[in-house]
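S.K.: Please read through the structure below; I'll follow up with questions.
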Amino acid sequence: MATRTFLALCFAAAVVAHGDHGEEKIIAGPHPSLWYNTLPGDGGTQADSVFSGISTFGRLPYLPCLSHKDITYDIAFIGAPFDTGTSYRPGARFGPSGIRQGSRRLNLYGGYNVPLDTNPFNSWATVLDCGDIPVTSYDNTYALHQIEEGHYSILSRSPKTDAAKKGPSLLGKTLPRVITLGGDHTITLPLLRSINRAYGPVTVIHFDSHLDTWRPKVFGGSPSEVASVNHGTYFWHAAQEGLLKNDTNIHAGIRTTLSGPSDYENDGYCGFEIVEAREIDKIGTDGIIKKIRDRVGTKNPVYLSLDIDTLDPAFAPATGTPETGGWSTRELRTILRGLEGINLIAADIVEVAPAYDTNAELTTMAAADAMYEIMSIMVKKGSLSVEQNEDAEDL
């Protein structure tokens, strides 16, 4: 009798719990009595011990933005786990999860960025990790369509801050910023297609050891239309589709071998200027920064794409096509900080393939730190409203 009563009570409890399932609310952070939510010192928050729990970028709150269109933010991180456009070592489909793992300790002490004098984890901006875009690994054409549509869903909604103010988008609205975690570099093509739908042609800052503007017949042989779109040709396609703002784009960190001098001529036709990696030996980081700023200006909406192979393999071995003779992590972070004030509307980090990393997670930490600098620049710039940017130019 006692056993029957107990089972009946358990069944009743299960029914009640199931009945309430549809009313569950999304909650973020630990229970206040289990962990501290406020850090000592100048402020900042920490959701949990940095070595435990589910990984998000920098321990940011996770919300399922793709399935909940009412979620708003000022900066969103989104993953694009795609690597079937690579020509050498695969594995960048695990880049989003690897970068999140490498970012765990970014806000260990609160997240304050000393050189930039800002805290991207504790500012005016609502910053979220929106998870990953669902990407098929069986059909490249459809996968790139998924990435474009997923990115546009995140990009095109109203931001948390200054949603009612005018912005630089084609519709005159202020939009949130989106930072995409790749994925091989092919993903930049659907991302630029998404950006084009919102902003029209944009200026691109491209950090990479490779040009990635190769004609499909030169890079890969172009045996089919699908094969012609890969991580070495996507900027050629972007130029052909009118996604790039003419003669305002720039590569930085280039040191690849070529099929011949015509590769550089073709690159010029695609609208890029080139900063070679070796130039840092003569002009230093300040010279590199000046070249980039002179090329892109401070008013144009700018998209920043960062291939982790910009770094020398000594600092970032876990990548699809490593090239020796690259910059150090310190040099790259200095250059990124030098872009403060540029009108960054979105960014991506690509070609992180964690399977080739060291046990110390050198590559994923470097990638996370680079994104931390970019996020800091975005936060310090303020929202993308026209009024905000006019005020910043007057200072």
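Just so you know, glycine gets a Cβ as well, placed from its N, Cα and C.
Just so you know, TrEMBL annotations never went through curation; they're auto-generated.
Quantities reported herein were computed from a predicted structural model and do not represent experimental measurements.
So TrEMBL has the following annotated:
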SIGNAL    1-17  signal peptide
BINDING   H185, D208, H210, D212, D307, D309  Mn(2+) binding site
S.K.: What other residues of the same chain, not counting H185, D208, H210, D212, D307, D309, have a CB atom within 8 A of the CB centroid of the Mn(2+) site?
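M.R.: After dropping the recorded site residues, what remains is H206, S209, H231, T310, T321, V350, E351.
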S.K.: Which residue, of the binding-site residues H185, H210, has its CB surrounded by the fewest other CB atoms within 10 A?
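M.R.: Relative to the other binding-site residues in H185, H210, H210 has the fewest Cβ atoms within 10 Å.
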S.K.: Using a 10 Å cut-off, grab the number of neighbouring Cβ atoms around the Cβ of D208 (Mn(2+) binding site), all chains included.
M.R.: 27
S.K.: Output, ordered by sequence, the same-chain residues six or more apart from D212 (Mn(2+) binding site) with a CB under 8 Å from its CB, or 'none'.
M.R.: H185, H206, H231, G232, T233, Y234, F235, D307
S.K.: Taking the Cβ of D309 (Mn(2+) binding site) as reference, which residues of that chain separated by at least 6 in sequence fall under 8 Å from it?
M.R.: D208, S209, H210, A316, T319, G320, T321, P322, E323, G326, E351
